[in-house]
Amino acid sequence: MAPSPAPLLSLSLPELTDWVQTTGQPAYRGKQIHQWLYQKGARSLTAMTDLPKVWREKNVHYPIGRSVIDHCAVAPDHTRKYLLRLADGLIIETVGIPSSKRLTVCVSSQVGCAMDCNFCATGKGGFIRNLESHEIVDQVLTVQEEFHERVSNVVFMGMGEPLLNLPQVVKAVECLNQVVGIGQRALTISTVGLPGKIRQLADRHLQVTFAVSLHAPNQTLRQSLIPSARHYPLEQLLADCRAYVETTGRRVTFEYVLLAGVNDQPVHAEELAQKLRGFQTHVNLIPYNPISEVDYQRPTEAQINQFAQVLSDHRIAVSVRYSRGVQADAACGQLRASRKEELAELTPMA
C-alpha cells in the first residue's frame, strides 16, 4: 500500500493528484479529494462518498490533517474561542469573530510563544513547536464550518510569533489566498519584530496587511515589556518597517496595547507621534485585557481617548480596537491559560 507522504490537507492539488495515482486511482480523483477537503469539510476519506467505497475503506487510515475541537467558549458578543487539539495532542487557540459584514479568524502560528511579552498570557506557557501550514489553514476551515459562513479575514495574532515560523506562515497565506479564496489584503501578519525577519517578509512581496506590536515609544520601555526587544533596537525596527513600506508599497500598522500608568500617558503619545512622523502607517490602540498572571490594568476611557487625540493632532491615523470575546477569555492565551492544569497533562514539558 502506498504511504501518504503527509496529511492530505498539507498537499497541494498537484501533490494530491500524484498521491492518489500511487494508490491506483485516476488523476481526477485528486481534484475530488481537494474539493472535499476545502469545500465540503471532509474529515476522513470515508466521508468522501463519490470516491470508490472499497478504495476508501482500504485507505481510511491515511491522515487528513484536521484538528478536533477540545473546547469552545462563547462570549455575549458571539465571539467564539476554540481550543483545538492537534494530531500530537497539543492544544492551540483559535478565535472566530463575527460582525455584520465579515467573519474574522484569529489564528495561531505556534504552540506557545518564545517572546515572553510580560503582559501576554500565551508567553507565560513557553514555546513548544511551530505549526505546519495545514495546521494554520485548518483553523480557518474549522471556524468557517462552525459558523456556516465564509471567512472574510484572517489575522495571525493568536499564539506564537509568525515571523519565527515564516516558511509555514507564508505557505498558509498562499493556500488561504489561492485555495480558500481570501484576498491577501484581508490577511494580516502581526509580529513583535525580529532582527532581519521583517526584511525577509518584505522580500516575499506579499500584499498582506502587516502589523507590528510596538507597545512603547522608546527602547527602554519597550524592552521592559517585551524582553526579546533588547536584541532589536527600536530605531532599527522602525528603519526595517520603512524599508518594508518601500519594498511592498504597503503601509505598516502599529499595534499599541495601552497599559494604565505604564505607556498610556500623553507624554508617551507625544513621543510616539515624533517617532512616526512622516511614516506611512496606522496606529491601533488596544486597551489592555487584564489576565490573572500579571498586575497590569486597563486605562480609563478618558485616558484612551486622550492618547488617541494626541496622535490624531499630529495627523497620525489612529483607531481604538476593543478586543472581542473578553468574557470568553478570548484575548490571546487567556482561555488556554485558564485551563493550564488540565492542559499540563496533555502538553509535554520542554
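Backbone N, Cα and C define each Cβ position, glycine as well.
S-adenosyl-L-methionine binding, as stated in Swiss-Prot, involves Gly160, Glu161, Ser213, Leu214, His215, Asn289; the candidate among Ser190, Ser224, Ser312 given for that site is Ser190. Using CA atoms as reference points, the recorded positions Cys106, Cys113, Cys117 were checked against Gly160 (S-adenosyl-L-methionine binding site), and the closest is Cys113. Secondary structure from DSSP puts Cys120 ([4Fe-4S] cluster binding site) in coil. The binding residues for S-adenosyl-L-methionine are recorded as Gly160, Glu161, Ser190, Ser213, Leu214, His215, Asn289; their greatest pairwise CA distance is 20 Å. Proximity to Cys106 (disulfide bond), defined by a C-alpha to C-alpha distance within 10 angstroms, is shown by none of the binding-site residues Cys113, Ser190, Leu214. His215 (S-adenosyl-L-methionine binding site) falls outside any helix or strand according to DSSP and counts as coil. In the three-state DSSP classification, Cys106 (disulfide bond) falls within a strand.
In this structure, the C-alpha atom of Cys113 ([4Fe-4S] cluster binding site) lies 6 angstrom from that of Glu161 (S-adenosyl-L-methionine binding site).
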